[in-house]
Amino acid sequence: MDVENEQILNVNPADPDNLSDSLFSGDEENAGTEEIKNEINGNWISASSINEARINAKAKRRLRKNSSRDSGRGDSVSDSGSDALRSGLTVPTSPKGRLLDRRSRSGKGRGLPKKGGAGGKGVWGTPGQVYDVEEVDVKDPNYDDDQENCVYETVVLPLDERAFEKTLTPIIQEYFEHGDTNEVAEMLRDLNLGEMKSGVPVLAVSLALEGKASHREMTSKLLSDLCGTVMSTTDVEKSFDKLLKDLPELALDTPRAPQLVGQFIARAVGDGILCNTYIDSYKGTVDCVQARAALDKATVLLSMSKGGKRKDSVWGSGGGQQSVNHLVKEIDMLLKEYLLSGDISEAEHCLKELEVPHFHHELVYEAIIMVLESTGESTFKMILDLLKSLWKSSTITVDQMKRGYERIYNEIPDINLDVPHSYSVLERFVEECFQAGIISKQLRDLCPSRGRKRFVSEGDGGRLKPESY
């Protein structure tokens, strides 16, 4: 009945103000109104009581809904709830009052883990918390007793022949740059060489044959350091057996391969990584001409070492390890051999073999000294052709050429004491070099010239001095 009464009141609200416009008036109107209200209520409950009950119920619902949200506010709804109930009015809850409130409006939070909590949602636990060891269930259908004492280890597959050459070639080429044998040994230990250990000396020697003398010296040192750590003496013997077998193919790319391999064998015997009877084991059993030449070269070097020559000097000392006096002698011999043979390409090759590009100014200096001390035109022309060829091939750089000429310019007064006509010869040679494009105009203009000596009787301007007595 209450629900039906509320629906009827919603459709036809019994407002006393609105009933004032009815057709009845006076006491009849009031009596009719009270009779209608009593009929509508049914239970003889006044309409004002129903309206007041509805307002109070609505205020209670709002109070329960907002109690959790506004629990932290200073002026909560509960403080004013009793006043609202007593007055019959609702307290408006505008969203503007919660504009800067960072708390969740649903009252449940965002579901994030606790900050600094121990064991909350998404947290591993307190620092230092030890978890229990997971015990294996023996009755588990998937239980395997072999897994209890199982030790796992990283397995590196052995290298095949193609991967071996592709992997080790950059390692050896980088070694020629830094020269650190320990780094190469560490990198080789990380690889599973397997049966390819004997291929390390073969590949290193093959690359050194195409390089310089310093590279061959570094290769001999590398083989000596790797023997005993990465490979054994047996692996070294197998590698040199393969080198002697492959000498015909190596000689196609490097004609001097037989002599160089013989030097490698002699150095290996001297370092103790090859036995002394290695060469004797090949006597009378070698049919290859190149292999026989290599063994003969090694035999000669070993016999020389018995007479006092060190076996570690088979490659010489290359690059900056050579002394200045030794380099000066080598350059002087190079120029003298060139003047005898006239072979410019051989002279250029010998200069590159010295591996001292920072010392090429010495060749320019010694060559010009030979021109100044010569008496014929052949030396003048041959030295000019040599410097021109070295300049065009960029064997001698601009700085080295300039430094060699400047040394001559600074020492020409002392040279002139031993060579009287050195000034005139130098001026002529410098002019020819400028015409050939060897030196620049600025360097030519720096050439010193010696003026004509005046006689005692000549004064300034060539006039005779007046008698002063």
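Cβ atoms here come from the backbone N, Cα and C positions, even for glycine.
Predicted, not measured: the structure shown is a model, and the values here were computed from it.
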Range among 30-36, 58-64, 219-225 that Swiss-Prot annotates as motif 'Nuclear localization signal': 58-64
Phosphotyrosine according to Swiss-Prot, picked from TYR152, TYR278, TYR338, TYR365: TYR152
From the candidates SER20, SER80, SER214, the one which Swiss-Prot records as phosphoserine: SER80
Annotated phosphoserine residue, as Swiss-Prot has it, among SER104, SER317, SER449: SER317
In Swiss-Prot, the member of SER22, SER67 to which phosphoserine is assigned: SER67
Listed residues SER78, SER378, with the one flagged phosphoserine by Swiss-Prot: SER78
Cβ atoms near TYR152 (phosphotyrosine) (within 10 Å, other residues, all chains): 5
